[in-house]
Structure formats: C-alpha cells, structure tokens
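Straight from TrEMBL, the features:
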type: DOMAIN; residues: 30-77; note: domain 'Out at first protein BRICHOS-like'
type: DOMAIN; residues: 131-233; note: domain 'Out at first protein BRICHOS-like'
type: DOMAIN; residues: 258-325; note: domain 'Out at first C-terminal'
Amino acid sequence: MFASCVPPLLVRLATSLGALVLLIALGLGSELRVRVRLADGLITEEILEADNERDSISLEFKQGDGTLITFVADFKQLKRGSGGCAVVGLCLHMGHAVSRSDAGGGMTTRLGDTVKIGQPISSRHRDTKGKNVKIFRALILGELERGQNQYQALCFLSRLNHNEIIPSESMARLRQKNPQAIRLAEERRGQEQLTMGTAVNLSRAGLLSSHVYNVCSEAHEAVYTSQEDAKHWLDKGMEGSLFEVLPQAADTPGLQPCRVTKDLWQPCLCVYSLRLEWYPCLLKYCRSRDTTGKGAPYRCGIKSCSKGYQFTYYVPQKQLCLWDEET
C-alpha cells in the first residue's frame, strides 16, 4: 500500500534467529509480512504497514473462513477550524541510535448524509484535538445459497487509547530476519466487549479520520461506534450529523439477540467477534550506563500482543447476521 523503496541504514543484526529488529528507515512508509498461527491452528500472513506521513498503522490478514480483517490505527491529531477539520503537525521525537538485543522478546531496536434510524445526537462545538481513532473492517464471504451477497462488509470505529500499539515511526522501522518464522504473541490479552449502539454517517466520517471512507466504503450503512465514543467525539467538537443512535434492547420491546431470532427478516442484535493474533503493542525500555556510571533509558525492543474484540450492534434483519446463530 505504501511500502518504502528506500533501503534502511545498516544496523547490527539480532543474535536470535527469528528476531524482528527496529531500524531507522528513510522512507515515509514500510511493509512487514509476519506469519502467525490463528486460534483454529491455521497459519496466515499478516501484512503490517506504517505511514509516517499520515501517522498511521494498518494490519490486514485473512481468516480460515476467508474473511478479510483490516485494522487501522490512526494517530493523526485533528483540529476543528472554520472549514471543518484540518491536520496539524506531528510531534514525534527520535532518540539516539542504539542497538541491543532483548532476550525476552527476541527483539532489538535502533533508535535514531445520515443513517435514518433513531434520533440524531446533539453536538457541542469546541476545539478538537487528539481524536485518535482505530478502525476495524471485516469483509465476510456471503452465503449465496441463503440469499446473501457475495460478501458483506462491516466497520467498527473506536477511540485509540494511549499505549495500545507502538507509534507509527517505530512500526516503520520493524524488520524481521527470518520471514518464515511463525510468530506467537508474548501476551495474549482477553476479549474486549463493545456495544456499538451508534451508526456513523460514512459521508461525514472523514471528520474523524481520513482513513475511514477508503477503508469502510464497502460497508455503506454498516459503520458503527459506541455511544460512549460518539459522545467523546461530540464533546471534542464533532458535528452531530456524523452520528445517529440505533434502537436499543431496553427501549425496543421484542428486540432480541440474532442468535435466538428465527425470522430472517426481523431486526435483532448481532454479535461479531475477531482477534488480532499478533501486533507490536508496546516499546521496551532498557537502561545503559555512561562513563560516570549514570543510568539512561533507551528503547531496546518491542512487546507483541494478541487481543480479541466482540462487537454487539443492531441490524434491521437477521439476514445480515447469519453467522450469529444457535448451534
């Protein structure tokens, strides 16, 4: 997507055979292909890309059932102006070049118009900054024999919190010595359960992130976020036309989970789950000592994580949620 054609600077290779290394790269973006084992035992290839200019990271892989999962972490700082949202400058700091292996993780580093459901949410117009966004997209193969389209697209948006994933500048410098190695995450995190009770107006979603429209264009009206995140972004100055509250079980008699709904044309609450099996979640820091014996911290590697997500959201008919059935 945005792979760099500029070779990285020479660095000392890690002593571990399957090591990933962080290098200083001159290009604006880079691509890393990592082999990982899915929960069903199948091996898949993750494609991780970093774009320093847009300050974002993307991760994409195919599940065993053919579903294509895409994750985007958008770190870009946005600011509301008279003409809408504009990008302000990045503030990324580079450290001194240091190279050292980390036995625990086998890593080294070298620094150098609106969905017509429910009622619109009112907005508050204030200055906006720091609206970091993460985007999940699933392209699910349809069941043609049951009247579905060839594929179905879902998109879920949520806030990107501090320290969920390493910065794009660090991701851009990740390289691996042995591309055939199968990576296992150092930390397997639990499943985060998210109630996505708000529809996102795709035509206005660029106010949240410049990536949303391109990533989620095939999802059309199936773009969701939580009421908590929608309120957060409204408080930060987003327009009310961007969000629309969907029917909730507490306010809609008869609205049941899709897994117990028999009529394919009845509305219900759908559940979709996915897991990011391997991604660099944290930077590791070590301490070195200078000639006077004083210690100084420096980045010395990364920590890899695996994390699951479960999204619950409203669908106008069960036909749009055939995977969520009683077994």
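Just so you know, glycine gets a Cβ as well, placed from its N, Cα and C.
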Overall pLDDT for the domain 'Out at first protein BRICHOS-like' (131-233), taken as the rounded mean: 92
Secondary structure tally of the domain 'Out at first protein BRICHOS-like' (131-233) (DSSP, helix then strand then coil): 28 helix, 38 strand, 37 coil
